[in-house]
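Chemist: The annotation active site is assigned in Swiss-Prot to D121, D137. For 11-31, 44-64, 66-86, 100-120, 135-155, the entry in Swiss-Prot reads transmembrane segment, with the evidence type sequence analysis.
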Amino acid sequence: MARSFSLAKNPLFWQVAIAGIILDQLSKLWVSQAMDPVGTTWPLWSGVFHFTYVLNTGAAFSAFRGGAGWLKWLSLAVSVGLIIFAGKVPLRKLEQLGYGCILAGAVGNGIDRFLFGHVIDFLDFRLINFPIFNLADVSINIGIAALLWASFFPVSSRKVD
C-alpha cells in the first residue's frame, strides 16, 4: 500500500528547512548588498575569521569550480526527493532535523545556481586555510552530522516522534 503524502507528517523537517532557506538567502542578500564589490573582505578576527564576498560556480568548498552546470539539477533532484520522502515517511526528531538541514542547504544553493549561475560564499576561516563557504553549506554539514548521529541508534528500537 502506498503511503500518502502529508506536510503534517514531519513538522520539524519543514520548520528547519524553511528557517534554513530564509537565513541562507537573507545572509547572501546582505553580503551582496553590504560587501559590494566581489572580493571585499572584512576581518572579524584578523587572520582567523573574515567575511569575504566571493562567487562560487562550483560545489561546496569550491569543488568542481567553473564546470558544474549540472549542480543546479542535482540540487533540484535532491530537494524534490527529500520533500517526497519527508511527506511520506515518519521520521524521528533527529532525522527530521538532519533531512531538514540538508533540504535547506540544497534549496538555498539551488536557488542561487538557477537564478545567477553561481553561489555567494562569504564565511572565510583563514586560520586553517579552509575554502570560503556559506550558510547553506553549513546547513548541509549539520544535516549530515545529525543523520550520522541518528544512525548510531538501532532501527529495531526506533520510535517515531
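Cβ atoms here come from the backbone N, Cα and C positions, even for glycine.
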Chemist: At a C-beta cut-off of under 8 Å, are there same-chain residues at least 6 beyond the transmembrane segment (66-86) that contact it? List them, or none.
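Modeler: Contacts with the transmembrane segment (66-86): 5, 9-10, 13-14, 57-59, 96, 99-100, 102-103, 106-107, 109-110, 113-114, 117.
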Chemist: Please determine which of the active-site residues listed here (D121, D137) has the lowest count of neighbouring CB atoms within 10 Å.
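Modeler: Fewest other Cβ atoms within 10 Å, among the active-site residues D121, D137, is found for D137.
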Chemist: Any idea what DSSP makes of D121 (active site), helix, strand or coil?
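Modeler: It is in a strand.
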Chemist: Give me the CA-CA distance between D137 (active site) and D121 (active site), in Å, as a whole number.
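Modeler: So the Cα of D121 (active site) lies 9 Å away from that of D137 (active site).
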